[in-house]
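Colleague: Quick one: the structure is below, questions incoming.
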Amino acid sequence: MASGINQAAGKLPAIAKKVQNLGDMGVWQKSRAFHDLIGYINGTSSAIQGIKTTDEIFESEMLKKLLRLFDALEKLVEQNPPLEQPQRFGNKAYRDWAQAMRELLPELLEQLLPDDKKRYQVELGQYLTESFGNATRIDYGTGHELSFLFFLCSLFKAEILQERDIVSAALRLFNRYLELARQLQRTYNMEPAGSQGVWSLDDFQFVPFIWGSAQLAVKSPFDPSKFVDEAIITEYKDHFMFISCIDYICKVKTGHFGEHSNQLWSITDVPTWAKINAGLVKMYQKEILSKFPVIQHVYFGELMTFEPVSSGTTLSNARLGHVAPPPSKRICIGTPNLVPPVPVATAPPPPAESLSIEQNVGDSSSESSDNSVVLRPSTSSSSLVAAAEGSGDKPSKE
C-alpha cells in the first residue's frame, strides 16, 4: 500500500492487486469493477453529449472541494521545481513531488470526506495516489489514468458524488486531473509508460478521446475530417476534450500529424463522432483493459471489487446521437437505481452545421455492432479504422 495512506481505526476491507497472472484476466473481465467501470465510462459519454467543457454546468459543493484538492497538488509542483540534470527524460524532482503528494493526500481526503464516508478514505486514497505516475521509473501512462477512473467511479459508488454530478465530474474534475497530469509530464519530462509509439492512440491518455468524441456526438460544429485543421484546433481546444488532446499533441510533437499520430490520423476517415466513440471504447477494452502489463498493477477494494458479477450480466452501452438517452441506456454504477438525470446545459452549443447522425448508432459495448467501427494496431501505413458492414462510404481527407 502506498506510503502516507494509513487505515483509520476499525476493520476495513483489504486493498490489493488481484491480477497475478494471465489466468486472472478472465476473472477481471467478469468482475463487478470491470462492469462498473464500463458502465461509468459509457454512462458519462451519454450524459455529456452536446455539452462543451466551457458551458455553465452544475457544480456541487463536494465537487468544488475535489477541485480545490487539485489546487493543493498543483502547488506542490511549484514547491518542487525540476532539477538541472544531464538526462533528457525523467527529472528526479518528480520523486520529491510524488513523496510530498503521498504525504499530503491523507490530510486532504480527511478534510474533504464527511464523517459517514471516512471508511472509504484508504481505498480512495490508494486510487488517487496511483493516478499520477510511477516515482521509480518517472513515467506516466494509461494505467495511471485508469486508476483515476477507479477513483471517479468510486466517488459515485460511495455516493460521495451524486447523480447530478455526472457531467461536472467529467468536464470539470476529470479535466482538472488532465491539466495536472500534463503539467507533471512537461515539468518533469516524464516518459510514456507502455506506449507503442506511432501505433498508440496517444503516449499518455485515452479516456479524454472517448469522452471528447461523446461531447461532439450531437450538434458538432465540425465533422471528424476537420479535427486536425489548425483553425479548428485553435477555435475549439478549450471547448472539447478531444480537441484539447489534439492541441497538446501538436505542442509536444513535431512533423506531419499522420506520421507521429497515425492512429488518430486514421480517425479522420470515420463519418460520425458517434461511430468514433464506439470504436474508441472497443479499442480501450482491447488495448488497455485486456492487457496484463496494465491490469497487474491495478488495486481493488470494497468499492471497486474483484468479486464476479452474476452469470449472464451484460456490459452497459453508450447510445449516442440522442440529447436525452433512454433510461435503459443511462449510467448504472453498482446499483440499478443510480441513474443520472438528463443533462441540461444552461448555455446551449452555438448554432452550427450538425453532423448527419442516425438516431440509433452503434452501441459502445463489448459485442460487435453493425454500426460501429473497430480501431486496431497495424504495422502498415493503411487506415487503422475498419468500418462495419453497411456503414457507408467514408469521406476522403482534404
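All positions are counted from 1 along the displayed chain.
Just so you know, glycine gets a Cβ as well, placed from its N, Cα and C.
Pulled these features from Swiss-Prot for this protein:
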type     : residues                                       : note
BINDING  : Arg137, Thr142, Gly143, Pro293, Gln296, His297 : ATP binding site
BINDING  : Gly197, Asp203                                 : Mg(2+) binding site
COMPBIAS : 343-352                                        : compositional bias 'Pro residues'
COMPBIAS : 363-388                                        : compositional bias 'Low complexity'
REGION   : 343-398                                        : region 'Disordered'
Colleague: Taking the center of the Cβ atoms of Arg137, Thr142, Gly143, Pro293, Gln296, His297 at the recorded ATP site, which other residues in this chain have a Cβ no more than 8 Å from that point?
Modeller: Gly141, His144, Ala193, Gly194, Val294, Ile295
Colleague: For the binding-site residues Thr142, Gln296, which Cβ has the most other Cβ atoms within 10 Å, all shown protein chains included?
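Modeller: Counting Cβ neighbours within 10 Å, the top one is Thr142.
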Colleague: Is it possible to get the count of other C-beta atoms within 10 angstroms of the C-beta of Gly143 (ATP binding site)?
Modeller: 22
Colleague: Hey, how far is Pro293 (ATP binding site) from Asp203 (Mg(2+) binding site), Cα to Cα, in Å?
Modeller: 16
Colleague: Any idea of the Cα spread of the ATP site, Arg137, Thr142, Gly143, Pro293, Gln296, His297, as a max distance in Å?
Modeller: 16
